[in-house]
Amino acid sequence: MATTTSLLSSCLCALLLAPLFSQGVDAWESRQGASRQCRFDRLQAFEPLRKVRSEAGDTEYFDERNEQFRCAGVFVIRRVIEPQGLVVPRYSNTPALAYIIQGKGYVGLTFPGCPATHQQQFQLFEQRQSDQAHKFRDEHQKIHEFRQGDVVALPASVAHWFYNGGDTPAVVVYVYDIKSFANQLEPRQKEFLLAGNNQRGQQIFEHSIFQHSGQNIFSGFNTEVLSEALGINTEASKRLQSQNDQRGDIIRVKHGLQLLKPTLTQRQEEHRQYQQVQYREGQYNGLDENFCTIKARVNIENPSRADYYNPRAGRITLLNNQKFPILNLIGMGAARVNLYQNALLSPFWNINAHSVVYIIQGSVRVQVANNQGRSVFNGVLHQGQLLIIPQNHAVIKKAEHNGCQYVAIKTISDPTVSWVAGKNSILRALPVDVIANAYRISRDEARRLKNNRADEIGPFTPRFPQKSQRGYQFLTEGLSLIGM
């Protein structure tokens, strides 16, 4: 029996890990093809369109019916989780990246086939007036602590939950990839609740293109059969089905969750013990170890992790499958950008992905140009707004007087951008004569254009004082910064 269980566990891990370690599928073909009718002629800034209230928080939905979301193949929500709020366990048909805008707490992911190696012991009193206590031991899979600036990877069909263990609301933005090959259903985000319900959300989104949660999955089973399968009575089965439960899908934990928070030494010891058990029981094959202990959370707000840094302009932190291997399973990447007052970002385009830009703080002026050289967006993005930037569209950004911080979620696990100006840019790579003839300028002008900003990459220092907020021409300045 032990051998059968071990074999089943290994098979499950192998199936789920196949995309994680396989190099046979080209990264450029990691998503289902977009409709040829998609057009990005006029981009717009988005804010949440609808809100669904639960007992301990809100779920805010962006306009998933808009063509830009459907063409980019993304579905975006924002959750506000109140202190002691628990986002009940669930899974989705599509993978997602969750970015922690603010707050702290815990998140759990339950990978199939992985053992429950984390143990904690509780002591409960039956009644307050009683001195009798009962001890019991709980075993579960790893729990991750999250904090502001974290990216949490949520693989498709893997159950997960969030809990706000802090004193202030936690704000989380989720971006789902509905065109992922992990989704074998229709190209829509579908959430399968393991507990609670979302009746109010079902009513609000009755005519929505996306299928939002109603009752949890246990509601679809016969009570007697469910009781027999789980070894519980019918009353308990009805509770699993959340009948007459009006709390929604973000519930309040009255006395807080009692969770184990191991120190680094304890984590290392648990890791060592897990390896010993796997070898001793003959189960170790490399897959279980890598998959069951894979890192699902990483912080990209920490300045020390910046990939590009300009002390006078800002910093950029990139997140790809080399830094965060679970992204191979997700098929998405990210970047966090912090621009100082009036700083610019070198003109660029995304080579292999669409980009979902969410403004965390401050404001930024953005211009986007399409393949015909036409402006498809020219405006200022403010805190809480979102902009979808299509693949290959040229972009230029300039922070306002209050600076800007934003996160960009990319629709591929190894996103790449092509800078127009600065170090390692297109202009730096072109011969002077090519530049001179292409733009009908002298060789000296071409040389200056090529070498301008040669010591900068990504964030650019502002060089032109602003006399008034209304007075400057943004595009003219953008071209001036690269010497044109």
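Using N, Cα and C of the backbone, Cβ positions are placed for all residues, glycine too.
Listed in Swiss-Prot for this protein:
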- 1-27: signal peptide (SIGNAL)
- C38-C71: disulfide bond (DISULFID)
- 43-238: domain 'Cupin type-1 1' (DOMAIN)
- 298-447: domain 'Cupin type-1 2' (DOMAIN)
Predicted model, mean pLDDT over the domain 'Cupin type-1 2' (298-447): 97
C71 (disulfide bond): secondary structure state under DSSP, collapsed to three categories: helix
Disulfide-bonded residues listed as C38, C71, least Cβ neighbours within 10 Å: C38
Structural state census, the domain 'Cupin type-1 2' (298-447) (DSSP three-state): 24 helix, 72 strand, 54 coil
